[in-house]
């Protein structure tokens, strides 16, 4: 079996950028490493270099995502929520079931200030994958550092979806007003 050639430096980064732009879905570091025949750590360094060149790449729980400027106008809203770790799946389901994307989670840490982590979930399958990774890695939710209080940036293609998601969150006791 013939071993594939390693892609070098700039050529590899150009391909990574092209794949991320064309895919419109997150690609994992392992997936990119396999395609370029390098280690995942090399991919992490490549992504850092691309970000340093102001490429709009974010790391999500599903992999790396290229944030292209969309032709459709999207509406965003930042909301404050509070719940236990066990209620996280219900909170996220409530949001995505209304056609809304949860872009991130943010907390105010007493030492570090604002801490933000990308979530980027738009449907129940993505929520399930996010929750699975949290559980599998035995990671804590950021909101556990602030007794459940946190912010989310929400995104939808119309204000009505944001309004409906917020009303459902309020009804579920998640929303802080």
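Think of each number as a place in line: the chain as shown, counted from 1.
Just so you know, glycine gets a Cβ as well, placed from its N, Cα and C.
Summarising the annotation, TrEMBL assigns Ni(2+) binding site to 83, 91, 150, 152. Summarising the annotation, TrEMBL assigns domain 'Helix-turn-helix type 11' to 12-64. Under the heading domain '3H', TrEMBL lists 79-175.
Overlay of TrEMBL feature records on the structure.
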{"residue": "83", "record": "Ni(2+) binding site", "DSSP (3 states)": "coil"}
{"residue": "91", "record": "Ni(2+) binding site", "DSSP (3 states)": "helix"}
{"residue": "150", "record": "Ni(2+) binding site", "DSSP (3 states)": "strand"}
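For the domain 'Helix-turn-helix type 11' (12-64), the number of residues in each DSSP class (helix H, G, I; strand E, B; coil) is 33 helix, 7 strand, 13 coil. Cβ neighbour density within 10 Å is lowest for 83 among the binding-site residues 83, 150, 152. Cβ proximity to the Ni(2+) site centre (mean Cβ of 83, 91, 150, 152, cutoff 8 Å) flags the following additional same-chain residues: 81, 82, 88, 92, 105, 143, 148, 174.
The Cβ of residue 91 (Ni(2+) binding site) lies under 8 Å from the Cβ of 81, 83, 169, 172, 174, each on the same chain and at least six residues away in sequence. Taking the domain '3H' (79-175) as a whole, pLDDT averages 95 in the prediction.
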